[in-house]
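Taken from Swiss-Prot as is:
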ACT_SITE  80  active site
ACT_SITE  108  active site
SITE      195  site 'Important for efficient shutoff activity and nuclear localization'
SITE      198  site 'Important for efficient shutoff activity and nuclear localization'
SITE      199  site 'Important for efficient shutoff activity and nuclear localization'
SITE      202  site 'Important for efficient shutoff activity'
SITE      203  site 'Important for efficient shutoff activity'
């Protein structure tokens, strides 16, 4: 799984995920499923904000790569992936500037058009189950929740999906690609099932002669940036085009 993560994700995302795990005492080389989960969540957050700007009339517009955006304001402030202290500084600054209530937990993004924080989730389970867990934890009507699954399902607060359909399709396609690449390497089942993941972890450590003295029980402490993962969909009419925008993972 570690090799898969390093081959299939942008090096910047991998570096941020490693830094986050180490901040919480987690080892990317041991808790490889969590490593993959964090990288996936970070990439979804970055894709969520990609190409979205606000023009001089306050309208949300999409600017494709290569087009001029020098005079435009980014629609989304990315909070996910920042150092914890820096992230809270950004949140406090946004709250002081906009008057929006301060969230209890660090959100992932801030939407300058809708003036709201956004919590992104990526789940391997039913989207409505994970959505309710998020809502019960956050307990704030001011933070907008948007959940994606690997099955192509999504759920958002008040059915407000924030982004246009094509932007969301890009995210779903990327999740589909990740799932397919994992499956082709025999990694998907252990990624979905915690029990299988634990069994695989012990097997890997044993094969490396590292079992003694090393923890084989996966930590249940959850990093704020870690959102659970799972299964996927794709509209066949645009799958080839959208999927081509992502580099194919290298075979081992």
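Heads up, the Cβ atoms here are built off N, Cα and C, so glycines get one too.
Bear in mind that the values here come from a model prediction, so they are computed numbers and not experimental data.
Cβ contacts within 10 Å of residue 80 (active site), excluding its own Cβ and spanning all protein chains shown: 25.
Residue density at residue 108 (active site): 27 other Cβ atoms are found within 10 A of its Cβ, drawing on all protein chains shown.
A straight line from the CA of residue 108 (active site) to the CA of residue 80 (active site) spans 5 Å.
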